[in-house]
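Trainee: One structure, pasted below without further comment.
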Amino acid sequence: MWNLFVDPPEKNRSGSDADWKKLQFCLKLFKVFVYLLVFAIVLISSVLAKLLYLYMIGNTASTNSVSQKVQVCSKYLLLNGDLTAISSKQEQIAWVWALIFAFAAPEVFTFLRSLRICIFKREQRPTGLEMTLVTLFELFHVAGLALLTFIVLPQLDMTRGAMLGCCVSFIPGILNLLTGTRLQWKSMDMLGYGISILAMVSQGSVFLIWPSMSEQLELQLLVIPLLLVSFRWWENYANTHDAIAYIIRTIRCTRSRYQLYLYLSPLKIVVFALMAFLLNGQRFTEYFSLFLDAWQTHSITIVQTNTQHDIAANGSSNVFVSKVSQHTIQSNPNAIIYALLLQIGSAYLCHIFCKFACKIKIQEFSYALPLTLSMPITVALATFLAQLRAADACALHRIMPDYLTLRPLAENLDELGARCLQYALWIWPLWWLSQIWICLHIWLPKNDRNAKTEKLFVCPWYCGLLVDQCAIMNRRIVDWSDEYLTIKSDLTTPRDPVLALASDINASRDIQEEDKIPQLIVCATMWHETEEEMMEFLKSIIRLDEDQCARRMAKTHLNGGKADDEYYELETNIFFDDAFVLDERYCQNKRNPPVNEYVKTLTKTLDKAAFEVYGVNIRIKPPLKIETPYGGRLVWTLPGRTKMVAHLKNKDKIRHKKRWSQVMYMYYLLGYRIMETEHFSPRRKAVIAENTFLLALDGDIDFQPRAVHLLIDRMKAVDELGAACGRIHPVGRGPMVWYQRFEYAIGHWLQKATEHVIGCVLCSPGCFSLFRASALMENSVMKRYTLVSAEPMKMVQYDQGEDRWLCTLLLKQGSRVEYCAASDAYTHSPEYFNEFYNQRRRWVPSTIANIFDILADADKVVKRNNSISTLYMWYQSMLMVGTVLGPGTIFLMMVGALVAVFTIDIWTAFLWNFFPLLFFILSCVYLKQKYQLLLAFVISAIYCLVMMAVLIGIIVQMLEDGPLAPASLFFLLVAVQITIAGLVHPQEFWALLCGVIYYITIPSMYMLLMFYSVFNMNDVSWGTREAPVVKDDNAGGDGRRTEDSELYQPGWLNDPLLINSELGEISLIEQRFWRDLIKEYLKPLELSKEQKQAMADGLKDLRNLIAFAFLMINAIFVLIVFLLQLKKEFLHLEWPIDPTDFVTFDRDNLQVGIYRQYKELDPIGLLFVIFFGFILIIQFVAMFFHRFATMSQLLATTQIDWFRSSGKFSDEDAVLELKGSAVNIARRLQRPRRLDDEEDEPNYSEILMDSDHHHPHQQDDGEHRESLVRRQTIYRLHATRNRQQTDYSNLVMNFERRFFGEDELNLKNLALNRKSMKLFQMRRSEAKMNAAAMPGGTPTPKTGKRPPMMMTPMATTTTTAKKVSFNNRANLEIYDNNGYEHTEF
């Protein structure tokens, strides 16, 4: 009783958990707003674009056409009688050009997009077949659209013109029937065929009905333009037909389409314009000779007709005399310009927001629904506006000029019904419904979140004149990823179409659905992490294990075996470097060495981490211990029943350090696990590799499962993506951590975002990055990563920055590397000056070496990598120049700052900066590192004081010279840019406060640190987390060690921490694999003294060469700029902004002089302002593009569960709601109840109130409540004592105990509809019945009791470990955790 008190962890966490929870509510609220906003914009813009298109067409009819005579409002012209406007030739030509420009606008956008992609990315050249097919069908569409615009629609009124927009789906309708697209509904084969036939007949009926009712040749040939227009979307509907499968593969699955549109877009504009000139009726030359006059004010003829009542001469009858007169008014050219700009803008907005809706997965409500509604709304508005104008010529006077027309269906409302029957307009709803059926795929989106435009739409852009039809028929039916994976390996080698098709069919049969499920393999490297750092890592892994278990339970028990969109399989591997104590003083048996304290810390911390996550004591079963050729292996089964494997590396058996751990897990997980599966076909292995992802982690990382989901989403969305990194947040205490917070923020906000947008991220940090297995398995990646660095430069590049070098290899082989800003991870950063300098001493040379490596092979990289262009290489070259000249630039900046602030001459300021820097450089050459760091710390402290004075001086100078002075303007622009960057990153805005630390340490970090890194690049030690050197306290005076058996530590197999662990073994096949791998690549390097000395000498020679070159380049640069500064009065430019005016008075001559003085700017300073300003502008613009992409990704992954339909909630809605909430339900049912959880507890306050009700003389209410709260804890402790403790260490058993139990489930925080709850209870009852009916099925447990457990060796003995034999190759597949279930990877 005395030991019942508990200390549960806090529910409100910090770090990764807290930051994400702050965003959830805001994101849900913002997504609701986005739903409504996108819906409104798509609907309004599509309707407006179509109405303006019809309005423009109505004013292009021939001058001689009777219908072109427009009734004009006489109210504002002060004229009586009937007024009729006759359009001039200039007016006709202007409207024709407006239609040409409206058609050309999206083609120009297509050309610019293609040009940007071809410049910044590498695109394949099109084949002859592809060029011919795409050009042919695109020109078909252009010709049909021109005929429709200039021949057919000018003969129709607004109503029929709007209706005709639903009749451009005939070719898609035929292909929809022939290729069996509707067979995806297996239960509706005959019904689907019948409806498809009716849809095709409905689309074809327009070819007969209207032509038969008209004698006009233009309408009788209606079938030609409609057929030609519908050819544009043929390939989207011809996705399964055998005869054209090879053609579709050729067109869709290459990236050469952008190369095609570089010439095809201008060609389409020319063809459309030529057909417009030929079909409109004017002379060809007049379209050019009258072009300028057409867009200026010109005369419009107004015919006035006055009908007078008169009496004849004999007085016997009335006579009506009509007097006709002509007047002229001036046209309004702005009317055409406004209509054109509105049409282009509306169509563009419709396309952009349609694409946005598809990307963030709001397609049904904000894309399909408004586009479906836009067609009847367009017809209704067109009819209403045209009839309103026909009934009253003054009705739309304020909206459009009176001389322009909206062609009505009837002259008045009395004729409207008769005209509808005359033209059989009652059939239009069938055309609309048939188009809905043909485009029904837009209601069933299958794309990944934030998919690329090529995955969403067949054609890269849109048709501005038919934007709504183009949007729905251009949307892909079949997911592009399926086609891409099917033929990816065949793109480089041409094959026979028949053989290729047969091979694809056979391969598709071999591929299983589970092969496409993401396989997430966590690969963490550990060395000398502290317990606090390990705690953060283990908590992250346990959260990931819980998330995967919830999704697995939802899939198995709630969703009928169907996985949710974010489902993945999980396995965790930890590769522990230098895990054993090999010192002979402590190790008695080299075959069974003891583990070091770090491994013991990991073992002891696991239960603590589970307690921190779940808030209750979790008893994780002791790990299975296995001897391996590389050392040992510990296998834990986590509460979610996923495996966590710690590979303990013995540095006497296998090569140590991080890069070799990465080689180890890449060859084991990819080479052995995937390639050694002989019963799999190559195509199936390729699919598995495409969907296998390695999550590279450091041993101190802190992240949430949500961060991993976002990285996997990027992998799904971009097929060529080889690696993706998240936003890394440094954690710790002290000024050095504050500096790194701002440094990391600026680096991610600007630099990484820019690299992501205009090219590729050059470094995906190994502390938190996701790698695609197929990208690592490419040629010259894994194999080259195993190279031993024999040359000094290779040692710097390979071993000092292994993460950056791995990304360099990926980029060279054509893989893309991206940055996902929404995926947050937190890592411990150096907290002390020396540790930070040593870390950067390792990073800086490797960074420069890898970037130089990429720049040296720029031609090959640009040729192989689609995401890297020559301009991007130039951008990186500019950054490299800035990096190399950074110390010299900072030196000159400090010289100028001292001159400006302390008003000293330039030579004094130069010497004050030169001597400290000289002393530091000499210390880097002759002194040990600890003295170098001491001197760097002292100089940095002095520079911090100077920088504070400089900051005050800059503010004073800005007040004196004004904000438009060169220095002031540049300083303000940089400050404003950084502030805006912080504002668009609201979560990280407080990092700006650390900018003060960053500012005052600029001389230290960009000058001293650079010299320290370059002059110590011969030191290839790790620099951080170095193990302390153990002194030999037992050594005698003669150097002999005393033998004392008490110093020996027990071997790891007999360690007290692992005494209850079972002992296993790996298969013979795996043993052979490890021996071969170690022999080939991972054998410990045994260098002789001569080899070590040669390597050290080589590193020193390299250091001397690089340091001398680096120092000379900066010295020459400083010398040139400094000499120019000395001659500034002769060599300068005048700053034209904000000059100073002076007035002088000559007393002798009595003259007043007025002159203007400009601020002086030296040419080199101007060049550097332009240079760095240009880089900042690029980064600033790219940041906004990346922020929009990040916002899209967050919106796409945000699920809204606020709105529940009350009355019209169907069974389908219940199924969808339960599917969306299944993971949360499973998470609720499997999660252990916390020690401080008050759910399902008796209401102790009521009990206490009843007990105290008989004591009226109590203290006041506030004190009484506080007393009750304290006394509730005592009651709960008593209840805990009396209640049998439940083992919550198995989340699967927790779920099954509650799901199959008889108690009511507590789902009150999950807002589910009653039908959804009823459906859940039905599925729960069915699951109980099925489990009870199965032999050995899960029995229904009693309240508070676990199902019977299988007897384990631990239950029978405590001293003898059971020997488990693994006869299967994959030993982890058959490891049984107490017989609860069988977990496979």
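Cβ coordinates come from backbone N, Cα and C, glycine included.
Marked as compositional bias 'Low complexity' by TrEMBL: 1334-1349. Residues or ranges marked as domain 'Chitin synthase chs-1/2 N-terminal putative transporter' by TrEMBL: 26-244. Taken from TrEMBL, the feature region 'Disordered' covers 1328-1349. Residues annotated as transmembrane segment in TrEMBL: 32-56, 93-112, 133-153, 159-178, 190-211, 335-354, 366-386, 423-444, 910-927, 964-984, 996-1015, 1164-1185 (among others).
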Trainee: Quick test of the contact rule: Cβ under 8 Å, at least six residues beyond the ends. What residues does that give for the transmembrane segment (32-56)?
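Mentor: Result: 95, 98-99, 102, 153, 158, 161-162, 165, 339-340, 342-343, 346-347, 349-350, 353-354, 356-357, 360, 362, 365-367, 369-371, 373-374, 377-378, 381-382, 385, 400, 404, 406, 464-468, 471, 1195, 1200, 1202.
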Trainee: So, do the transmembrane segment (996-1015) and the transmembrane segment (423-444) meet, by the test of 3 or more Cβ pairs under 8 Å (sequence gap 6 or more)?
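Mentor: Since fewer than 3 Cβ pairs under 8 Å link them, the transmembrane segment (996-1015) and the transmembrane segment (423-444) do not come into contact.
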Trainee: Near the transmembrane segment (335-354), which same-chain residues lie under 8 Å Cβ to Cβ, leaving out any that are not at least 6 residues past its ends?
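Mentor: Contacts with the transmembrane segment (335-354): 38, 41-42, 44-46, 48-49, 52-53, 55-56, 94-95, 98, 101-102, 105-106, 109, 295, 366-367, 371, 400-401, 404, 461-462, 464-465, 467-468, 471.
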Trainee: Near the transmembrane segment (423-444), which same-chain residues lie under 8 Å Cβ to Cβ, leaving out any that are not at least 6 residues past its ends?
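Mentor: Cβ under 8 Å, 6 or more out: 159-160, 163, 166-167, 169, 172-173, 176, 181, 195-196, 198-200, 202-203, 205-206, 209-210, 213, 363-364, 367-368, 371-372, 375-376, 379, 469, 472-473, 475, 477.
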Trainee: Can you name the far-off residues of the same chain, 6+ from the ends of the transmembrane segment (1164-1185), with a Cβ under 8 Å from a Cβ of it?
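Mentor: Sequence-remote neighbours of the transmembrane segment (1164-1185) are 749-751, 753-754, 756-758, 875, 878-879, 882, 889, 966, 970, 973-974, 977, 980-981, 984, 1120-1121, 1124, 1133.
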Trainee: So what's the mean pLDDT when you look at the domain 'Chitin synthase chs-1/2 N-terminal putative transporter' (26-244)?
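Mentor: Averaged over the domain 'Chitin synthase chs-1/2 N-terminal putative transporter' (26-244), per-residue pLDDT gives 82.
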